[in-house]
Amino acid sequence: MANQTQVSEFILLGLSEQPRQQQALLGLVCSLYLIGCLGNLLTILAIVSDPRLHSPMYFFLSNLSLLDVCFTSTTIPKMLLNHLCGLTTISSSACLVQMYFFITFGAADSILLSAMAYDRYLAICRPLHYMTIMSMLRCASLVAVTWVVASFISLVHTILMTRLSFHASRIPHFFCDINALIKLSCSDTQVNEMLMLVLGGSGVLVPFVCIMASYTLIAVAVWKVPSARGKWKAFSTCGSHLCVVSLFYGTIIGVYFNPASTHTTYRDMAATVMYTMVTPMLNPFIYSLRNRDLRSALRRLLSQNHFAKAL
C-alpha cells in the first residue's frame, strides 16, 4: 500500500474532535470493552470446563463469544493506546491489517449468527432429527465454513484496497473503516464499491434473511404450543435474540448499504459504535447468561475460585 500511495500513515480523528467529549466517550468505550470481554471470556470458560455443555448450541455460543472478543479487540485497544500515548497515527500497513481482521471477524460474526438461528430452528421445529442433523462434525464444518467465507471476503477487500491511491491522510473515524478509506481515495473506487455490495450481501444480507426466516418458523411452531407459560418463555427468549440481531444488522446495513448521500460522519460513527461495541457487550448477557444451565456452570466454575458470591 505504501508503494502506491502518497501517504505512509493515516491520522485517526477518533470518536470526536472535541477533547472533553473524546475523553468521556473513551471512558464509555473502555467500560463497554471490559464488560464485553469479561462476559464473553466467562462464557467460553464455563462452556469448556463443563462436559454437560458440550453440545451444538453451546459450541456455537463459545465460538460467538470468541469472535466477539476478537472483533472488539481489533479496534478498541489501538484506540485506547493511541489516546494514552498521545498519538493519532497508524501506518498504512497496520491500517490494512486492522481493516482485514475487522472485516474477517465482523463477517464471521454475522454468518455464525445465522448458523445459530438454524441450530435453534432444528432444535425447536425438528427435535427428533436434531442430534442426527447437528452432529459435532457438522457443527465444526459450519464454523469452519464461516471462517473461510469471512476470510475470503476480507481478503478480496484488502487486496482491492492496496490498488487505491491516497493524497489525504485524515480518517474521520476511530479505526481504518473500509467506507472511510474508500471516500479518502483519489482513485477510481467503482470496483471496491460494487464488491462491497456483492460481498457484503453474502456476508450480511443473506445471513440476516436466513435468521429472520428461521425465527419466523420458530414463532409459528411456538404458537402451536398449548402451554401459555411455554409460549411466553419461548417468545421472551426469541424476542431478546431478535432485538440484538436487529441492532447488529440494522446498524451495519445503515452504514454500508445506504446511499452515500444519506451518510453523515456522526450518524455513521454512532451506528458503528453500536455494532462494534454495544452488541458484542450484550451478546453474552442475551445469549448466554440468561441460560439456566450456563449460569449453573458459571457458578461452579467461579466457586472453584471462591468468587461465587458475586452471582
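Each residue's number is its place along the chain shown, starting with 1.
Glycine too: its Cβ is placed from the backbone N, Cα and C atoms.
In TrEMBL this protein carries:
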- 24-48: transmembrane segment (TRANSMEM)
- 39-287: domain 'G-protein coupled receptors family 1 profile' (DOMAIN)
- 96-118: transmembrane segment (TRANSMEM)
- 139-160: transmembrane segment (TRANSMEM)
- 194-222: transmembrane segment (TRANSMEM)
- 234-257: transmembrane segment (TRANSMEM)
- 269-289: transmembrane segment (TRANSMEM)
Contact between the transmembrane segment (96-118) and the transmembrane segment (139-160) (at least 3 Cβ pairs under 8 Å, separation 6+): yes
Close approaches to the transmembrane segment (194-222) from elsewhere in its chain (Cβ under 8 angstroms; 6 or more beyond its ends): 107, 110-111, 113-114, 117-118, 120-121, 124-125, 149-150, 153, 156-157, 160, 178-179, 182, 230-231, 234-235, 238, 241-242, 245, 249, 252-253, 256-257
Same-chain residues near the transmembrane segment (139-160), Cβ under 8 Å, at least 6 residues beyond its ends: 56, 59-60, 63, 96, 99-101, 103-108, 111-112, 115, 119, 178, 191-192, 195-196, 199, 202-203
Segment-segment contact (the transmembrane segment (234-257); the transmembrane segment (269-289)) at 3 or more Cβ pairs under 8 Å: yes
Cβ contacts under 8 Å made by the transmembrane segment (24-48) with residues that lie 6+ beyond its boundaries: 15-16, 54, 58-59, 61-62, 65-66, 68-69, 72-73, 76-77, 79-80, 83, 273, 277-278, 280-281, 283-285, 288-289, 294, 297-298, 301
Cβ-Cβ under 8 Å with the transmembrane segment (269-289): same-chain residues at least 6 beyond its ends: 15, 29, 32-33, 35-36, 39-40, 42-43, 46, 61, 64-65, 68-69, 71-72, 75-76, 106, 116, 173-174, 177, 240-241, 243-244, 247-248, 251-252, 254-255, 295, 298
Per-region confidence, the domain 'G-protein coupled receptors family 1 profile' (39-287) (mean pLDDT, whole number): 88
